[in-house]
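Q: Structure below; questions to follow.
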Amino acid sequence: MVCEKKPGQGSPDGDGFVWNSRAHTEHLAERFLSFGSCVSDNNSFRKAKKLIAEHGIPLPSVTIEYRGLEATTEASIGTGGVVTLVSVPVNLFKKYVLRKHKTTELKLLHNINGKLNPGRLTLLLGPPSCGKSTYLKCLSGYLMPSVRLGGTVKFNGKTTDQFFLKSSAAYVSQYDNHNPNLTVRETLEFAYICQNGVLPTRAPCPFDIPAAKISDPEEAEFVQLVKDAWGTRVRIDIVLRALGLSHCADTPVGDALFRGISGGERKRLTSGEYLVGPRSILMMDEISTGLDSATLYNVIGWLAEATRTLQLTTVVSLLQPPPEVFFLFDDVLLMALGRNIYHGPVKDVIPHFDSLGLVRPHRKDVPSFLLEITTAKGQRSYADDALRDRCQSLLSADATLSLNGTTTAALDDAIRAVISGQAEMTPQQSAQVSQAIQGERRLLINNDELRSLFETQNVHGQKMMYELDHQPFDVQRGHPEALAQREELMSPRETVRQVTRRQITLVMRDGVLLKGRIMQVIVISLLTSSLFYKLGTSLITARTFFGASFMSVLFISFGGFPQIPITLEAKKVFFKHRNSGFYNATSQGLAMALSQLPLSVIEATLFSLIMYFMVGFVRGAGYFFIFFLTCVLTSLSLSSAFRMNACLYPDMVMANALTGLLMVILVISSGFAIVHKAIPGWMIWAYWISPWAYGLRNLVINEMTSPRWTNLPGPNVGDKNLGFAALESFDFYTSRSWIWIGVGFLILSYIVTTIVSILALKFLNPPTIEATVPDEKATLKARLEANERRRGIALRQETQAINTGATKDVSGILSEKLGNTRVQPTPSDVELAKNRSSGLSPFAQEASNAAPSSAKSPTGVSFADGDNNDSSSSSPDGQVLDVEAHRKYSLNHNAHHMPRINTGLPALPASVPDSSRSIISSLAFQPVTLVFKDLWYTVPNPGFSKGAVKQLHAYEAALAAAGGGGGADVETGAFKAGVGEEGKEVGAEKEKEKEKGQGG
């Protein structure tokens, strides 16, 4: 490492270290962290904070104010956003050709108001998908262009067009993207250089306090320590020690294929990249992933001290922090569904929700309680009696929904009409469907009410809103160095130099790739040259020379294939650094292009030395130089083309597929597989842009125009010489000027593909998951199907209770529990019974709106017709009981005490064993409960026996011999209750009721 010298100082310092060397900065970091006490006490931070307060030392700080902050994006409806082989081209065609891509506006943040003060560590808390990452990206300038912002956001009273936000704020992502071949220290050093510059800062030290003003010797020692460390890279060593990374400072970062540091250490390294910089705004998203509680406690503790001392504006998002970590924060910002429902001190969050009626139990930790009250179940669990009394109507409605099922039959018919497009749902029906769908998921206090209560009734919310409205931040009070006025700190030349140095380091450290490529070149050149060993001079061997030249150009281009995976991995790191303002796309593109130059020279040298002399190309320094130059330029041009494709395409699958297709087209049209004049006119463009065509033309013209071939006569009369005759036989040009045209084209293609790569890196963004929202009609249809399935399951269980036999008559249960009421099935119930009796799956037919007739069983319980709205004709008190209530009771009853419905079936003959009553044992396969929407399957029945099948057949024969009554009426779906003469009476009674209903 090159040691920088501080202006005005000699090389060694007072302790004998070279100034700004690694040993020097490590020594300073150890003195700083252990100053006055142990490391965990952070005594140096407290000492610095005291000096800043006593002497009024100004430090750069940023106050963030936002009012009406909203974030919206376009979301695909239904399954339109799901990536499949068919959906991708269809969506692209709809979006760019038809301009009718089915999308809707999705709000990510809803009218958020707030203020972030410097010197306070804020915890951002909320359930998943509540908008935490979007909120952090809004305040740090990391949002994708597809997200539109609304409202106003000001930093020290300035809008984002008055400074460079990405260079002033740091966003620590949830994802850890690093160069695996760099060590931990090298990663932090590169981040430090990009944010602070290569040379030491020449800004005056803020702790340059005269000795006369310091009375405490310990304070004087600390001030001198700060002066010694000012302008050095001691911040790197301090961050390494504070984050617990000093023990692995020289360990490569590694990745999935290369072993390095652990996942938790990699997560801390991601945070450390921004902590070594001078930024005053830190937005840290889910930094606890992979960290144990003790490490997280130490990291947050150090971060809290640094925030309070250096006046940083820090927001940390944690999913569910431990209680001891929670109380290290100064403020907490609680979010739910894109709304902030509390933003104030940590110590006052529990009293605030206590005043709203959400009481935390004594043994419940605070973070878990705060997360749970954002859900309906949590609010119901922690609501006090007063809140329950205020929300009694809502709780009663939920109880009714849980008793009566999801939706009523009439509402199901309305939903069917909406799905089929025959009618629109009325506002009342829409409200009923919404209420039925939400059920117990409805909040007692919704998020908008919680936000309003905080802003209007909480003292911190009232103060925050008053300051936003009447006391905004004065721009004149802002520190001039708090907000960056330059996008990049280093000059363009220095940026290219540093990025290229890092890129060459990455290439040189990839030993597996380097050894593999060198071995590939040697083996391929030996194999290829052995196939064309020592060729002679004739028209036939000339064509063999063409084949050797074609194979040379083809195989030398294979060295560029690794550029695709290497570039795709490097893009992840680049996008992070580009969004953070470390360096630009030009630096990255030039660095990748320049780092390929030495590799191409090495590969071309090895390949040329083996291939040229073993095949027997013409001996001559000039001819060999042209062969070597063509191989170098072909390797550079095609490597740059592969790298360009990797920059253009978002992932490995698409890059490999499209690159392979393009390569096949260009290789076939290179002039060897298909000669120049035989290429169709509509494909001739590929011949003129193919690097393989120019490289092949250079090699064959270089060989065939040498004296070895031009001094021999041609085979035909009129041929100028053998070399020209051979070239013309393959439609190659014969002038040597085409060699330099080819050289110029290869150089130009190398430059053009590099420029395209730079433009792709500059304007393209990393792939993101497209937002989707459910299709309203599809959701209603799924709810309807689920409702019908529930009814079908209930009917099957009731029928199973009849077949398996129970010990108690249903009439006694109904008279005991429900009184003299009528059980009224819905039309879907009757249709499901009809499907069941006809042997069809209950989910195979669509529910019918036709109304079945009622039938009366010997138990006295009527199954009423679904369309008959007259409910007072058969029960003494005029009550009608929905079948859902009957099912709910039956399903909750113990299986051993399932009510037995007296169906009126005859007693079994003595010859029929009792085991034949078990229908399950006679089924070879038993159905499995449905889990997915359109999935219906069965599994082998372990209780199956052939004897049970025979016994069931005997039982059915006995029923037929007894009179043929019982069973289910296929026409009406109602259960027949009688047999013999009794059955005829029931049938006649049913016909009379049907005629009466038609007459009405």
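Heads up, the Cβ atoms here are built off N, Cα and C, so glycines get one too.
Pasting the relevant annotations from TrEMBL:
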| type | residues | note |
| --- | --- | --- |
| COMPBIAS | 847-858 | compositional bias 'Low complexity' |
| COMPBIAS | 865-878 | compositional bias 'Low complexity' |
| DOMAIN | 92-362 | domain 'ABC transporter' |
| REGION | 843-879 | region 'Disordered' |
| REGION | 979-1000 | region 'Disordered' |
| TRANSMEM | 512-533 | transmembrane segment |
| TRANSMEM | 545-568 | transmembrane segment |
| TRANSMEM | 589-615 | transmembrane segment |
| TRANSMEM | 621-642 | transmembrane segment |
| TRANSMEM | 654-675 | transmembrane segment |
| TRANSMEM | 738-761 | transmembrane segment |
Q: Going along the chain, which residues at least six beyond the ends of the transmembrane segment (738-761) come within the CB cut-off of under 8 Å?
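A: Sequence-distant neighbours of the transmembrane segment (738-761): 571, 574, 578, 585-586, 588-590, 592-593, 626, 629-630, 633-634, 636-637, 640-641, 643-644, 647-648, 691, 694-695, 697-698, 701-702.
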Q: So what's the mean pLDDT when you look at the domain 'ABC transporter' (92-362)?
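A: Taking every residue of the domain 'ABC transporter' (92-362) together, the mean pLDDT is 89.
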Q: Six or more residues out from either end of the transmembrane segment (512-533), which same-chain residues have a Cβ under 8 Å from its Cβ atoms?
A: 544-545, 547-548, 551-552, 555, 558-559, 562, 566, 599, 602-603, 606-607, 610-611, 614-616
Q: Mind checking which residues reach the transmembrane segment (545-568)? Cβ under 8 Å, same chain, six or more beyond either end.
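A: For the transmembrane segment (545-568), the sequence-distant neighbours (Cβ-Cβ under 8 Å, at least 6 residues beyond its ends) are 513, 517, 520-521, 524-525, 528-529, 531-532, 535, 592, 596, 599-600, 603-604, 607, 611, 615, 617, 630-631, 634-635, 638-643, 645-647, 651-652, 655-656, 659, 667, 670, 672, 691-692, 695-696, 699-700, 703-704, 726, 730.
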